[in-house]
Amino acid sequence: MHAMESRVLLRTFCVILGLEAVWGLGVDPSLQIDVLSELELGESTAGVRQVPGLHNGTKAFLFQDSPRSIKAPIATAERFFQKLRNKHEFTILVTLKQIHLNSGVILSIHHLDHRYLELESSGHRNEIRLHYRSGTHRPHTEVFPYILADAKWHKLSLAFSASHLILHIDCNKIYERVVEMPSTDLPLGTTFWLGQRNNAHGYFKGIMQDVQLLVMPQGFIAQCPDLNRTCPTCNDFHGLVQKIMELQDILSKTSAKLSRAEQRMNRLDQCYCERTCTMKGTTYREFESWTDGCKNCTCLNGTIQCETLVCPAPDCPAKSAPAYVDGKCCKECKSTCQFQGRSYFEGERSTVFSASGMCVLYECKDQTMKLVENAGCPALDCPESHQIALSHSCCKVCKGYDFCSEKHTCMENSVCRNLNDRAVCSCRDGFRALREDNAYCEDIDECAEGRHYCRENTMCVNTPGSFLCICQTGYIRIDDYSCTEHDECLTNQHNCDENALCFNTVGGHNCVCKPGYTGNGTTCKAFCKDGCRNGGACIAANVCACPQGFTGPSCETDIDECSEGFVQCDSRANCINLPGWYHCECRDGYHDNGMFAPGGESCEDIDECGTGRHSCANDTICFNLDGGYDCRCPHGKNCTGDCVHDGKVKHNGQIWVLENDRCSVCSCQTGFVMCRRMVCDCENPTVDLSCCPECDPRLSSQCLHQNGETVYNSGDTWVQDCRQCRCLQGEVDCWPLACPEVECEFSVLPENECCPRCVTDPCQADTIRNDITKTCLDEMNVVRFTGSSWIKHGTECTLCQCKNGHVCCSVDPQCLQEL
């Protein structure tokens, strides 16, 4: 798409938005969730009480330091979520006054352990945290350094627009970021908490007023009407790009279908295909009917369908009678002759013997018996006693004469049999006669008529002229008519898992998982009663296979590669242990040259003098050293040894407390500023417990681990789910684990690890920031936007994606199995 076309389309889009999103002084109630009103907080609500707020227009509530459970009822929470579910533009608004050093949750929307949306303010680390889940179901945390817990009133708004995030404090834009798009596909059972994460953790202490969720673009306008609005919003732009991508995909698919249709039409133009049927060497066209013996047959959709012919009773005139005609199933009228008191059909012969014993032969012709001239008889090679006289011929035949070799009328499923003086038709075994002369026969369905010999545990299946006795499932054959129960367990012909027990049953078998395994028997997985943590896999009963970097029965213990000597970092780097792995971090005075060597070999000296990152006073000269610097007096001069810190001169020997950190003490020593944490003397009764929480002996200052079992003392720290946690006077504060920066275009977060790593292949990366200005050409030379996906032309299971100008394709194994 050309740039001019894009700008015109965006302007048009903004005009449309302007027509439908004009706001006045109020907010559409259908787009607003007034949390405090909906929760109906009052005097009977434990842990909160109504107090004066920033203004008198709405109620304000003090969240006290006492047990409480401010959780929305199920019906109320579902009303919230119905407005919020699957929306990509919404804003959190709150007016609050948080006490000093409190770390608490403002609001939390979570399902089990999955935090879909949680806003937290930490007074310990002076930062605001947003925890959320993205559309890929991965947890994310955004940290905004800001002092909110200062016992002062603040207006906070956090606006989401697709992947665009804006934080306003007191109507000032503090942060604006591009993040992974949050998921609002909230499952049933999701809970809504205010002022706490759950009953035991994340207590907010202070006052809250005007807590609202606005499901509309740029909801911060409701709190600060004078702020500027933008058009289109990020979500609008994402929607526009998505529509373009959808239209592009439809166009591509339609073009491909049209191309295939044209190819098929070209082939069809060259031939005409008609479905036909073939029977006994004769081909019949679609819907054509014909008679085959005693059946009426039709060709339907290339298949022959036949029905037994129903013969009508013929109404014959005088001197005729119904009789079978060669090649036809039903009787037809045929001329007759009357001779010596008996009726004969046309062509039928009869012998008469005279008084002298002479044989005279007559034949019915034209309704009259006429004399047939005797042409003589062939000589017989059998004795007189084996010669047989015939009723329709004056010539005798030898005993055993083959009358069937002469012309006979036996047709389908009928066989010719010789008698002493003639041939007759007889139905084959398993067939019955369709007429009295047995010339035509049909199959007997022994199964339907109960004329079979199949015994118990079998199923009767009809076949032409016979039947079969098929064994039921779970049984094996004894003979043609009998089956007995089959022990699949004994013969190892079962489908039980290797970790299951097989129990034989009548007609089948049951599979039961062995102790220590769970499942349906056909699939059994090992069960570990304490679970396998940190990505470990349960491979046998109560046996965990731990990923690299963890150990212990439940993989609960992180291996400290640094202290145990598994790693040797470069002399210019320090080994930093991380959950599951480690990092070689450049020491003070060094920085990475951009190569990010895993062992720290890429650490280079920082020229503090050249970059101005030194504390030498004006009367000294800075000399760069490997890993540091030195403040030296010019030759022949005396120096004061003063230092420069935060733009202020500190005298040599001076000691001071940092303005923004009362727990750190700095001193100036001959031009160098040395800072350290305050030394904690727990024997001193006046020790500052805020700086020395480890000196707080009170039981009320202890914390309970997230697992509900481990107890920590004030000041203790631990790592939980890629977060660094600290117990401070009874409160648990957790923040994202500090990860080394990855200055690379493509990175991947390995499974069960906390920090991303660089990769060179964009197709392996999972943290690419989609740049919609970069496009790809697919195999059909169709332009694809970054973020779009399609099925590769000519395949059914190859999915391709455009990742920042790179085409990445992979085969879906599940799709292959379904083919």
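Every residue gets a Cβ built from N, Cα and C, even glycine.
Because the structure is a prediction, the values reported are computed rather than measured.
CYS502 is paired in Swiss-Prot with CYS489, the candidate among CYS483, CYS489 named as its disulfide partner. Of the listed cysteines CYS569, CYS603, CYS609, Swiss-Prot assigns the disulfide bond with CYS586 to CYS603. Among CYS410, CYS441, the one Swiss-Prot lists as the disulfide partner of CYS425 is CYS410. Swiss-Prot lists a disulfide bond between CYS532 and one candidate from CYS544, CYS546; that candidate is CYS544. Disulfide connectivity taken from Swiss-Prot links CYS447 to one of CYS441, CYS454, CYS460, namely CYS460.
Distant neighbours of the domain 'EGF-like 4' (526-556): 499, 514-518, 579-581, 751-752; these residues of the same chain sit at least 6 beyond its ends, with a Cβ under 8 Å from one of its Cβ atoms. Cβ neighbour count for ASN577 (Ca(2+) binding site): 18 (other Cβ atoms within 10 Å of its Cβ, all protein chains included). Between the domain 'VWFC 3' (701-759) and the domain 'Laminin G-like' (58-231), the number of CB pairs under 8 angstroms, six or more residues apart, is three or more, so the stretches are in contact. Each residue contributes its Cα atom, and for CYS538 (disulfide bond) and ASN624 (Ca(2+) binding site) those atoms are 55 Å apart. Secondary structure of the domain 'VWFC 1' (275-334), assigned with DSSP and counted as helix (H, G, I), strand (E, B) and coil, comes to 0 helix, 29 strand, 31 coil. Relative to CYS609 (disulfide bond), the recorded positions with Cα atoms inside 10 Å are ASN624, the candidates having been CYS425, CYS427, CYS454, CYS544, ASN624, CYS633. For CYS544 (disulfide bond) paired with CYS633 (disulfide bond), the C-alpha to C-alpha distance reads 63 Å. Reported as a whole number, the C-alpha separation between CYS575 (disulfide bond) and ASP558 (Ca(2+) binding site) equals 15 Å. Residue counts of the domain 'EGF-like 5' (558-604) by helix, strand and coil are 0 helix, 18 strand, 29 coil (DSSP-based).
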